[in-house]
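The annotation compositional bias 'Polar residues' is assigned in Swiss-Prot to 1-14. Residues annotated as region 'Disordered' in Swiss-Prot: 1-24. What Swiss-Prot lists as GTP binding site is 39-45, 67-69, Arg336, 362-364, 444-447. Swiss-Prot lists Asp40, Gly67 with the feature Mg(2+) binding site. Annotated IMP binding site per Swiss-Prot: Asp40, Glu41, Gly42, Lys43, Asn65, Ala66, Gly67, His68, Thr162, Arg176, Asn255, Thr270, Arg334, in sequence order. Look at Swiss-Prot and you will find Asp40, Val330, Thr331, Thr332, Gly333, Arg334, Lys335, Arg336 tagged as substrate binding site. Annotated active site, proton acceptor per Swiss-Prot: Asp40, in sequence order. According to Swiss-Prot, the active site, proton donor annotation covers His68.
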Amino acid sequence: MSISESSPAATSLPNGDCGRPRARSGGNRVTVVLGAQWGDEGKGKVVDLLAQDADIVCRCQGGNNAGHTVVVDSVEYDFHLLPSGIINPNVTAFIGNGVVIHLPGLFEEAEKNVQKGKGLDGWEKRLIISDRAHIVFDFHQAADGIQEQQRQEQAGKNLGTTKKGIGPVYSSKAARSGLRMCDLVSDFDGFSERFKVLANQYKSIYPTLEIDIEGELQQLKGYMERIKPMVKDGVYFLYEALHGPPKKILVEGANAALLDIDFGTYPFVTSSNCTVGGVCTGLGMPPQNVGEVYGVVKAYTTRVGIGAFPTEQDNEIGELLQTRGREFGVTTGRKRRCGWLDLVSLKYAHMINGFTALALTKLDILDMFTEIKVGVAYKLDGETIPHFPANQEVLNKVEVQYKTLPGWNTDISNARTFKELPVNAQNYVRFIEDELQIPVKWIGVGKSRESMIQLF
């Protein structure tokens, strides 16, 4: 006899609620900042803006393959692994379980930024690291380089990775052979044994790989002493933050939607989920605590490394965008490929992430153009397609349909309100809003914190 047929508990309430108390909902909401293109959109600047009155700033995925630049008081800080919001002295920075951590890289990054200015004073007391975060070892990075070399030799092309060990460490994680922060700080003898097993596995897979096992363990022991006070139960920490007194919690996404391991232009992607779902799995929090989701969009499009790029301008236009925008990767120093804004890919990113508003950055880079093109549709074999193709070969074949808008030929870098922008610049912003059906909340017209125009 089934409950649905005869149990009074199933029928006692009109809504089918069996009389049990509902789980407590509510709590603080997190504000999420995500890249909506192929990275390098200016997420760091938006985070810097929001972090000024934040209590906690989180990283939920990726490693030191990401690159964020923040300019404060004319000092340029570069972040790869640390949440860039840590530059606010009142912020607690949290690195979640979805992040992969190269300890030498973490301390090197912190020390370089400490030398630049006062932004990172006391950072070690303001950083919390999830005990469930996986560790990137030097041999992961070495293996990354060997894999790229093998791809080049075998297929004539590589993935264009940053060689920071991100793919190999996420592979170790999925294969359940990886090591986590909790292993390092809880039982170093047990950690050492597992480290040796993993290192020897890598040596058997890559015979040319040289690993100084004892030397690296000695180095890791030194890092363990420094890192131990920062390592906490991340799930408990965040739960307390979400359900305690009111707090402003900010999540800083790394990489971007089109680099997501599932939804990006696979295989030319990163190895983590950099869309909104990665926020919940990478921090250990339920989706009902996600509040605003801000997508960061460059006023044109760039991409580092190889992979399909429908609106790319491999010509004087692309060169002008590259030069004016100073489009070099923060992590690798590689030139970024440049092209027109692609609304097809942005609509796709919105379908996945549900952006509540956009930050449109680097609008000033378009100042010199008499006309500006925007990709509004893809055609394949002469027919418009309603979706963003999953297959790279198909994406490489699409013909982009453009809408041409008049430029403004005016320096807009001193504009501080929307009304101060030329009419054609205003129209460009409104066109993007109308096409995507997402409001633009900020417009970037320069590098500094002050050059972000807020619309609402």
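Cβ coordinates come from backbone N, Cα and C, glycine included.
What you see is a predicted model, and the numbers here were worked out from it, not measured in a lab.
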Translate the DSSP assignment of Gly333 (substrate binding site) into the three-state scheme.
coil
Rounding to whole Å, the Cα atoms of His68 (active site, proton donor) and Arg334 (IMP binding site) are apart by 15
So which binding-site residues are near Thr69 (GTP binding site), with CA atoms within 10 Å, out of Thr332, Arg334, Lys335, Arg336?
none
Given the binding-site residues Gly67, Gly333, which one is most crowded in terms of C-beta atoms within 10 angstroms?
Gly67
From Gly39, Asn255, Val330, Thr332, Leu363 (binding-site residues), the ones whose CA sits within 10 A of Gly67 (Mg(2+) binding site) are Gly39, Asn255, Val330, Thr332
By the DSSP assignment reduced to helix, strand and coil, which category contains Leu363 (GTP binding site)?
helix
Where His68 (active site, proton donor) sits in the secondary structure, as DSSP reduces it to three classes:
strand
Listed IMP-binding residues Asp40, Glu41, Gly42, Lys43, Asn65, Ala66, Gly67, His68, Thr162, Arg176, Asn255, Thr270, Arg334 - what's their greatest C-alpha to C-alpha distance in Å?
34
Starting from each candidate's C-beta and looking 10 angstroms out, tell me which of the binding-site residues Thr162, Asn255, Thr332 has the most other C-beta atoms.
Asn255
Check: min Cα-Cα distance from Gly39 (GTP binding site) over binding-site residues Asn65, Thr162, Asn255, Lys335, Arg336 goes to Asn255
Check the DSSP secondary structure of Gly39 (GTP binding site), expressed as helix, strand or coil.
coil
Asn65 (IMP binding site) to Thr332 (substrate binding site), Cα to Cα, whole Å, comes out at 9
